[in-house]
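TrEMBL lists A:87, A:89, A:102, A:121 with the feature Mg(2+) binding site. Here TrEMBL flags A:104 as site 'Transition state stabilizer'.
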């Protein structure tokens, strides 16, 4: 059953996504059927516990309409709607610097569709870049379990190409040459700070 | 009617809070019955639109249990619960630096009760400080409409005093001497970046 935002966009709940992506027979040691979000949560917890960075996923934005109080001790939200996020999903601090990113995965083998982003998010990333924040996207090709760090500045190039009538996706070859491969591991699973170290420190 | 978190803490919805705090006869020009949250949203929008900073309030964390789909175009959340925030409410970037704060108001005239914060938030602020982020709290005394910027490092002192058996609040005199008064204005209403400028740049 497909859940949709009021604007018609599909919503996939975290647990649903986890269930859908569960492929028990995968043989990769680093990713036993975990979603990108779960892997990033594990990574961020790893960084937090070791005092390396403080990066969190933001809560899903929800418009609350009705709240009931069946008992004094537990308010129940009885009517609410998903809102489209106006920013990216992850942000925080690493060595004094502001870090901000969005994470997306695709089952497409050869390219990454730009419809995975919406205009507000691109505008937000542009604002972050202007404030000298570290802005990027993490892209996972689920079929091959390859993960890339693509700097926001390069994403803007591809986004603008689309806006000017060009292709609506980024080819995998383009991501390979414009971005940085993140080798996945066990702890942390997606060591993206290593790319930030290389680029900024 | 009081809404409570599962742990018994009171929840006040944004709109409810706005309605409760609405005092149409207030004579202040700078704050016509606006809540602290509304004033900060206006301030952050002001900073964002002028390209001065990118600071957002995080969505209220909600645990979603049941979602219905009466039409293809609108998913309705039918059961959800408020979760306690594990971080602070506001964060973002200013001139490359990570900015992170919590905002609280009190109707108490002479002191600020520390029960307005919970342990997770203090731990989060400590983590942010260790990563060299800019961490602070904005405190409003609603009766006098005075607003203060209190650096997290000073908040920790008062928190630790409480943990060691001392008073469970910060006196207003202590806030005046440890923090910085933020003179309220029209645009922006709470110009807290001016304090950051003074302290960090």
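Here the Cβ of each residue, glycine as well, is placed from N, Cα and C on the backbone.
Here the features listed in TrEMBL are placed on the structure.
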| residue | record | DSSP class |
| --- | --- | --- |
| A:87 | Mg(2+) binding site | coil |
| A:102 | Mg(2+) binding site | strand |
| A:121 | Mg(2+) binding site | helix |
Cβ under 8 Å from chain B, restricted to the recorded positions A:89, A:102, A:104, A:121, picks out none
Cβ contacts within 10 Å for residue A:121 (Mg(2+) binding site), all chains included, total 21
Distant-in-sequence Cβ neighbours of residue A:87 (Mg(2+) binding site), under 8 Å, six or more positions away: A:58, A:100, A:120, A:121, A:124
I'd like to know which of these binding-site residues, A:89, A:102, is least surrounded, judged by other CB atoms within 10 A. A:89
Provide, as an integer number of angstrom, the distance between the C-alpha atoms of residue A:89 (Mg(2+) binding site) and residue A:104 (site 'Transition state stabilizer'). 10
I'd like the number of other C-beta atoms within 10 A of the C-beta of residue A:104 (site 'Transition state stabilizer'), please. 15
Identify all same-chain residues not among A:87, A:89, A:102, A:121 whose C-beta atom falls within 8 angstroms of the centroid of the Mg(2+) site's C-beta atoms; report them in sequence order. A:85, A:88, A:90, A:100, A:101, A:124, A:125
